[in-house]
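Take a look at this one; I'll ask things after.
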Amino acid sequence: MTMITDSLAVVLQRRDWENPGVTQLNRLAAHPPFASWRNSEEARTDRPSQQLRSLNGEWRFAWFPAPEAVPESWLECDLPEADTVVVPSNWQMHGYDAPIYTNVTYPITVNPPFVPTENPTSCYSLTFNVDESWLQEGQTRIIFDGVNSAFHLWCNGRWVGYGQDSRLPSEFDLSAFLRAGKNRLAVMVLRWSDGSYLEDQDMWRMSGIFRDVSLLHKPTTQISDFHVATRFNDDFSRAVLEAEVQMCGELRDYLRVTVSLWQGETQVASGTAPFGGEIIDERGGYADRVTLRLNVENPKLWSAEIPNLYRAVVELHTADGTLIEAEACDVGFREVRIENGLLLLNGKPLLIRGVNRHEHHPLHGQVMDEQTMVQDILLMKQNNFNAVRCSHYPNHPLWYTLCDRYGLYVVDEANIETHGMVPMNRLTDDPRWLPAMSERVTRMVQRDRNHPSVIIWSLGNESGHGANHDALYRWIKSVDPSRPVQYEGGGADTTATDIICPMYARVDEDQPFPAVPKWSIKKWLSLPGETRPLILCEYAHAMGNSLGGFAKYWQAFRQYPRLQGGFVWDWVDQSLIKYDENGNPWSAYGGDFGDTPNDRQFCMNGLVFADRTPHPALTEAKHQQQFFQFRLSGQTIEVTSEYLFRHSDNELLHWMVALDGKPLASGEVPLDVAPQGKQLIELPELPQPESAGQLWLTVRVVQPNATAWSEAGHISAWQQWRLAENLSVTLPAASHAIPHLTTSEMDFCIELGNKRWQFNRQSGFLSQMWIGDKKQLLTPLRDQFTRAPLDNDIGVSEATRIDPNAWVERWKAAGHYQAEAALLQCTADTLADAVLITTAHAWQHQGKTLFISRKTYRIDGSGQMAITVDVEVASDTPHPARIGLNCQLAQVAERVNWLGLGPQENYPDRLTAACFDRWDLPLSDMYTPYVFPSENGLRCGTRELNYGPHQWRGDFQFNISRYSQQQLMETSHRHLLHAEEGTWLNIDGFHMGIGGDDSWSPSVSAEFQLSAGRYHYQLVWCQK
């Protein structure tokens, strides 16, 4: 133990938090989570240990602007101004200091290893009692599972130690400091330390004791570490559980270790041995270690599909069987290896359906509770994810246990990111920073290596490629050859990675950046001498209304075996709850706390909102990642299973044939598909209706029984095929009524019964409609070529940093948002049975014509208005966001009914999960409440729309809500939106894709851009 004076003044003078060579003082060695059971049955059943005591709860708390402001008296007693906070928590979530959101830029002046003198510091204290039996014998430890960013610890006024690395435990021996009766802990936490330079992750920068604190009592002679691994024969019919156990304390000949393996109540294998390991070199072996090997016949293998778990109990006892203590862990028999360019699990090539996950809670910041962790896992499993990357740091210890038990593959990532350094590898190539990096990697491995869910180690994120990475790669490969190592920095394919793991590489498009090119994922595989698998560590940036083009990735993954999937960025929006002056909650992002620097809404990239409500994009991910694929040939459906290990045993295939959403025939077939197998399903003779309409066959895979992660009736996969469309000439109902045209200087007015249409001759637009004496429009029906910018449209543009290549800047520069309509033509003609209005407009900005729109409106005796639109786009203007019409309807109806793709929001490059049917939803559900308002709620492939008294027919896309595109464009947060009068309707003949390969460069694929130059569409507007 390092002995240092207890004085606060000495600690402050020494400034351990500005010395990269000091990462800890008196911290105990890393190991898997311990409980020190004194009963092996309790260890086997994972019951709460009497030797493990939580210190979570209310602590005394005082905040200071700098460590030098902390009074020395605090070491002995609480300060008069001390408040109370709950531990674990981030102090910023309790109103002390401000959270800072920044992506790349360091929130402090970059001068490593030094940090600002204004370094917010919080002083925590807790008074507690210790069992007298703990004081009489053994060792009492205190465990801090996570403290950000560095801290000093005192007990009863005496200095205990120092720790940093906010995402791994710091554990100290308190035995020499405790006394009978009351004891007092004092913890001084600093916001910034030299460790902050290694923690430049894209997340909120928060501080405090934000993970659990506990006391653990272990015997004097104790298990100090244990490591389990599984080995197999070629066909996995026989396995060996290898358990290496290490002890500390007084080594005696009578000490024994027993390792027993359990499957539920059944003991599968057991072995006992004294300490004394195998001969290592000419000086002998480890006297304090022993390795036991247990043979297991026909083990039930672990995978994310079937997470079979055993329980290993490690007992330290005397030769006569007297138990000293027991530790235990779950064991999954599984093998991970790379062979022939493929990442294999239990001999089968994996397809990673992955997502990156930050630890984030909208109310609690970076404090994770079991309920939230389980909620995340259930949602991931329900949406066909099988893998998660701990971005970008080791997670709460419970997370790994839950992933073991529910079944998720985990990339465990070291808490290292130096994204804001120039160059990025300035620290990671510096040997002075090797000790700090080494602790972050080695301690992660030592804590988490017993978890079967951890299949890949990661050296960190966005830190360039330095010599320190190479050294740590070699250390991991030496200590744990059972797992691959990945690392993206320095180009994604350096010597420090077993897997090509790029971020945001595109399917077919090269991004030839200097020094670190991002080749298309297809090209990367074919580079000379490259034999590694490719798994995208980040892709499909799900910021706001995004995930366009996701299907292209999955087509490539299924086409090329060495493209083994990737991890979507990312799981959850990192918005935080604030309250307005009336106490109403609202969602905040970067800058909303007065934090500078900040990266605005870039913290919200999730497939789910911060409260875990899904984004519409999550359904697209679920569909593309589904484990059943379908092919229709004639009346035969071929069902292919992409499960590697699971035989379908809880699936029914429901099929239905519908004409324009009206069911004509349906059936149900049990699925009986072997892993990677096929099943052919013969359908009966399908109906061939004579009436006009679209005929669709829909199949859905339903789980009739509940599972550990889903309720009964869960739909896991689906597919649709359009069978036919019977055409017919729609004749208007026989009517002797003829619309009457009245012409005035200002207007053309058409009347038919109780309906009237008014066209303004000065503007050329349909300016009003009446049904009886009720006006139907609040604004004219006008052309629309713009949208409220998406995050993907904005890219990195902001007021102080304009990116001229961003879509929104191109549209602004070209005048799309400012364009005015110049009337070229507005005429009216009376036909034999209808009135025809013909208009033409030139949409201009600063004298330049951007679009020419020609329209005809044919109003017939049935009251239908058939609208035909032809648009020409100037060849030298940017491709528009949309080509459509919009108006503000006077009505506010409760529900929206449509025949088309749904039910969720969908866009041209994100619609494979949508199904053609007749849908009916509340008006409020047609709006997607993205925290940063933008274009939203589109439904594509629409043949009919019904709202209030109105009906529209054709082939179009629409969105409908209480918010105008203008308001969405001008409003910074969703809670600031106000419902406008009436309802805004946007009907598009064509709409540009939304993109999503990344969110900082134009990423809409060419086939989803509006580049044709000429466009034609039609629709019919009538009243029901």
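Glycine is treated like the rest: Cβ placed from N, Cα and C.
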Of the candidates Asp202, Asp212, Asp997, which does Swiss-Prot annotate as part of the Na(+) site that also includes Phe602, Asn605?
Asp202
For the substrate site that Swiss-Prot lists with Asn103, Asp202, Glu462, Glu538, Tyr539, Ala540, His541, Asn605, give the additional residue from the candidates Trp984, Trp1000.
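The candidate from Trp984, Trp1000 that Swiss-Prot ties to substrate along with Asn103, Asp202, Glu462, Glu538, Tyr539, Ala540, His541, Asn605 is Trp1000.
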For Glu462 (active site, proton donor), which of the listed recorded positions (Glu538, Tyr539, Asn598, Phe602, Asn605, Trp1000) have their CA atom within 10 A of its CA?
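Within 10 Å of Glu462 (active site, proton donor): none of them.
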For the recorded Na(+) site formed by Asp202, Phe602, Asn605, name the remaining residues of the chain with Cβ within 8 Å of the site's Cβ center, in chain order.
Asn103, Met543, Trp569, Asp570, Gln574, Asp599, Cys603, Met604
Measuring C-alpha to C-alpha, could you say which of the binding-site residues Asn103, His541, Asn598 are within 10 Å of Asn605 (Na(+) binding site)?
His541
In whole Å, how far does the CA atom of Glu538 (active site, nucleophile) lie from that of His358 (site 'Transition state stabilizer')?
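Glu538 (active site, nucleophile) to His358 (site 'Transition state stabilizer'), Cα-Cα distance: 13 Å.
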If you compare CA-to-CA distances from Asn598 (Mg(2+) 2 binding site) to each of the recorded positions Asn103, His358, His392, Glu417, Tyr539, which comes out shortest?
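For Asn598 (Mg(2+) 2 binding site), the closest Cα among Asn103, His358, His392, Glu417, Tyr539 is found at Asn103.
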Relative to the Cα of Glu417 (Mg(2+) 1 binding site), which of the binding-site residues Asn103, Tyr539, His541, Phe602 has the closest Cα?
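So, spelling it out, the nearest of the binding-site residues is Asn103.
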Could you state the whole-number distance in Å separating the C-alpha atoms of His419 (Mg(2+) 1 binding site) and Tyr539 (substrate binding site)?
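For His419 (Mg(2+) 1 binding site) versus Tyr539 (substrate binding site), the Cα atoms are 18 Å apart.
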For His358 (site 'Transition state stabilizer') and Asp202 (Na(+) binding site), what Cα-Cα distance in Å is obtained after rounding to a whole number?
9
Note the Cβ centroid of Glu417, His419, Glu462, the recorded Mg(2+) 1 site, then list each other residue of that chain whose Cβ lies within 8 Å of it, in sequence.
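Counting only non-site residues, the set is Val104, Asp200, Gln201, Asp202, His392, Thr418, Gly420, Met424, Gly460, Asn461, Ser463, Gly489.
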What three-state class does DSSP give Phe602 (Na(+) binding site)?
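Helix, per DSSP.
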Measuring Cα to Cα, how far is Phe602 (Na(+) binding site) from Trp1000 (substrate binding site) in Å?
10
